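Listed in Swiss-Prot for this protein:
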- 3-166: domain 'EngA-type G 1' (DOMAIN)
- 9-16, 56-60, 118-121: GTP 1 binding site (BINDING)
- 207-380: domain 'EngA-type G 2' (DOMAIN)
- 213-220, 260-264, 325-328: GTP 2 binding site (BINDING)
- 381-465: domain 'KH-like' (DOMAIN)
Amino acid sequence: MIPVVALVGRPNVGKSTLFNRLTRTRDALVADFPGLTRDRKYGRAEVEGQEFIIIDTGGIDGTEDGVETHMAAQSLLAIEEADIVLFMVDARAGLMPADHAIAKHLRGREKATFLVANKTDGVDIDTAIAEFYSLGLGDIYSIAASHGRGVTQLIERVLLPFSGKGEEEVVELTEEEANAAYWAEQEQNEIEMVEEEEDFDPSTLPLKLAIVGKPNVGKSTLTNRILGEERVVVYDMPGTTRDSIYIPMERDGREYILIDTAGVRKRGKITETVEKFSVIKTLQAIEDANVVLLVIDAREGISDQDLSLLGFILNSGRSLVIAVNKWDGMSQEDKERVKEMLDYRLGFVDFARVHFISALHGSGVGNLFDSILEAYDCATRRVNTSLLTRIMHMAEEDHQPPMIRGRRVKMKYAHAGGYNPPIVVIHGNQVTDLPDSYKRYLMNYFRRSLKVMGTPIRIQFKEGANPYADKRNTLTPNQMRKRKRLMAHLKKR
């Protein structure tokens, strides 16, 4: 089984920096603010061929209040989940009371615990780490996570019980044998890549579902309702999720990765540097997702921020499902008013399913996954060229394209140009000059004909040059005789 390593410690000791270095991503927000990581975040990492799962947690400083108490609880849960705990301390800041409190908790757990002194670059290491021996956790491993110094050696040491090294027989190869083995491996890799492309089936991959919306619309409550556990910090204060949290799950035999994002608020209200980071992470999560679940607060209605977020989702070409949350407790009159407003302001995304839910009580949440799967299946469905060309000609017969500069537009054939979102490429003469109204007509015609729901369709137009423009036909003997008779007739005139 792949080992699980948890990073714990006070806020701002460098846990997220180490997480990012090990996972080779920027999935954890990193800046010089205490308390940046509020939830536990999972990542897959590999050091010297040894794979492991790393958990980044919120900091514990012993003075938790409000949401900070929840952060501490998330860190303690991560300790229980882990096989190995890396207890990180700040060599520059020195020993703090919270370090003693965390060490006391760890000593009471039967976990492999390693004391890691970070930020040792530019200091006298022996002097800086000496006081941490009073924590009673044995050897101290000094690293500089921001520069990577000591990180590989640390991970190799903590993973040693899981590596199984020392069992393998070392075989010496000659230079010729090593070269032959290398090129054989490269050839095999190329063959496997081709086979993987031919056999690609999107249903075998985890479906990435990004849950997005303004702050405090109930995204984390919905995530926890779906998961059935308090996995993401939920606290009635806008902005309690500052980072995008990637959470693997399984439902009805299908694998998913839920992405719970920080809320996106009006640009003028984004003041803290950390919140600007969070907006970027939300937009990156949308780009990374297969399906986006946009959560709207029924009691606040559709705001400009919601429409801005919708615009970004559409520009990204992602499949879309809309969840109108906090539907419980509203009067029938208010519900009808909200529905009318949705019809009016969301008419441009009429392809998206809209669900009315209560994330807090669970009503309507189960039905979301029918629409999520429908949207993903429509976005990744393979359609052959003959069917797309037939639909194109049907659309042309039902509504002829307008004349362009006195000439009739000729659409020749259509084929698939990509998936997620579905792209239809139409080839022909003057097709790029078609008016936007006719392009929208074609897009809607393809959508209806293919029964596509939950995902935008993109139509691309290409004009091919005449392949015979610079070539002269080779005439048959019969054609040559006809040509001579025609030329003789023209001369007589």
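Cβ atoms are placed via backbone N, Cα and C, with glycine included.
The model shown is predicted, which means the values in this text are computed figures rather than measured ones.
Across the fold, the C-alpha of TRP327 (GTP 2 binding site) and the C-alpha of ILE60 (GTP 1 binding site) stand 36 Å from each other. According to DSSP, the secondary structure content of the domain 'KH-like' (381-465) in residues is 32 helix, 23 strand, 30 coil. Comparing LYS15 (GTP 1 binding site) with THR261 (GTP 2 binding site), their Cα atoms are 20 Å apart once rounded. For THR57 (GTP 1 binding site), the nearest of the binding-site residues GLY213, ASN216, LYS219, THR261 in terms of C-alpha separation is THR261. The 10 Å shell around the Cβ of LYS15 (GTP 1 binding site) contains 31 further Cβ atoms across the protein chains shown. THR120 (GTP 1 binding site): 23 other CB atoms within 10 A of its CB, across all protein chains. Counting in whole angstrom, THR120 (GTP 1 binding site) lies 40 from GLY213 (GTP 2 binding site) by their C-alpha atoms.
If you compare Cα positions, ASN12 (GTP 1 binding site) sits closest to THR261 out of the binding-site residues GLY213, ASN216, LYS219, THR261. Under the DSSP three-state reduction, LYS15 (GTP 1 binding site) is assigned to helix. Reduced to three states, the DSSP call for GLY213 (GTP 2 binding site) is strand.
ASN216 (GTP 2 binding site) sits 28 Å from GLY9 (GTP 1 binding site), taking the CA atoms of both as reference points. In the shown protein chains, 19 other C-beta atoms lie within 10 A of the C-beta of ASN216 (GTP 2 binding site).
Over the domain 'EngA-type G 2' (207-380), the average per-residue pLDDT in this prediction is 80. Taking the C-alpha positions, the distance from LYS219 (GTP 2 binding site) to GLY9 (GTP 1 binding site) comes to 27 Å.
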